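In what follows, a single structure is set out as structure tokens and then discussed.
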Ligand SMILES: *Cc1c(COP(=O)(O)O)cnc(C)c1O
């Protein structure tokens, strides 16, 4: 029963929903039934989530790095509502619509110059599947099917489908279960930690050695630029990205950059690859693309890749989701991009970086903490041991903040529109957690 006046539910109804959820609804990377029933969110506005009991929490996660403008944003709402009045969806085979074309124009404009074509995918995982398929199909089209492997680095995360899993870190826990059924790619060690670290010549040499040793069978290179997200929240120096671009050129490999986590300003530049002043041959965007409103991602590629694929035996790119270029998602994605560009997002992200850096200062010296790192609107505390997730979440919630740690990592990727005080509150929660590690 909903208490209409307060917009709140009775405790009995909350409990009923949680119990059914626990027993019947899968959650991400969760057991069934759930070990700990999830919190119930009834609404969200600005940077705050409202739980069923009326508790408000600052969302330090931006709904998995997507809700960069916060929730219930009037301009984003208006974009969806406008589109809803015209058409919620239409198939993309043989048809197009202004909303998709206008989003494609924005993406081609906003991404590095060589990227000229856009494939709309329905999630980040699918965008990476498409990127891998483009890479392999490109070489098949050139009569070089033996170029069928990818070079990547350990510590990566590229999504949950089988093609993606094969380029995720093979041992860090998420996908090792399926090793025997996954494609065999070539893994370099994880890039040395530290955005500002001097590049390690031995590491660069290892990259060169692997690329040379496998060049005949490699189709491309795939990495997350500058920040490895769900694989470990690790930051690395732009020089390694430059080295990968050079190796791709030297051995004629396609460079695929997965910008799904890093895109749209999260690292302090519009794209992760901007830190290295390089451009990929294929790029995936997602997560913040729709400002956290709907699932949509995209894979962009160069003319060379697009024409190369089309000149092959198949003559077409072999992919086409049912909900491709969904107009509702495309409308809000365009509105989200316009909103981002209309604000001083660089200043917002720089401010978050400065406030997180100050707020987490000293945490690195705490006994349970292995490392503290901040880059752009990303703040990470790495513990020495895996963290007790429910215990950590309780501390965060006691501080009025929503955080979702994993493994040894307690981190925040807050909405860019957080005030300085709200970022301080998130940092205070993280510091309090660090004291208990
Ligand atoms: C989240 C993520 C994905 C997968 O996106 P989904 O929309 O969850 O399928 C892929 N690559 C990176 C770098 C990500 O952060």
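Glycine residues also receive a Cβ, built from the backbone N, Cα and C atoms like all the rest.
Of all Cβ atoms in the shown protein chains, 16 besides its own fall within 10 Å of the Cβ of residue 64 (substrate binding site). Annotation comment: TrEMBL describes 64, 157, 287, 320, 404 as substrate binding site.
Cβ neighbours of residue 322 (pyridoxal 5'-phosphate binding site) (same chain, under 8 Å, six or more residues apart in sequence): 91. The pyridoxal 5'-phosphate binding site annotation in TrEMBL covers 124, 125, 258, 321, 322.
Per TrEMBL, N6-(pyridoxal phosphate)lysine is recorded for 287. Cβ environment of residue 287 (substrate binding site): 64, 65, 66, 124, 260, 261, 263, 264, 297 lie under 8 Å away, each six or more residues apart in the same chain.
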Legend entry - Cβ under 6 Å from ligand 1: qualifying binding-site residues of 64, 258, 320, 321: 258
Legend entry - Euclidean distance between Cα atoms of residue 258 (pyridoxal 5'-phosphate binding site) and residue 404 (substrate binding site), Å: 22
Legend entry - Assigned conformation of residue 125 (pyridoxal 5'-phosphate binding site) - DSSP reduced to three states: helix
Inset, instruction - Between the Cα atoms of residue 125 (pyridoxal 5'-phosphate binding site) and residue 320 (substrate binding site), find the distance and write it as a whole number of Å. - result: 14
Inset, instruction - Could you measure the widest C-alpha to C-alpha distance across 64, 157, 287, 320, 404, the residues recorded as binding substrate, and give it to a whole number of angstrom? - result: 33
Legend entry - Assigned conformation of residue 258 (pyridoxal 5'-phosphate binding site) - DSSP reduced to three states: strand
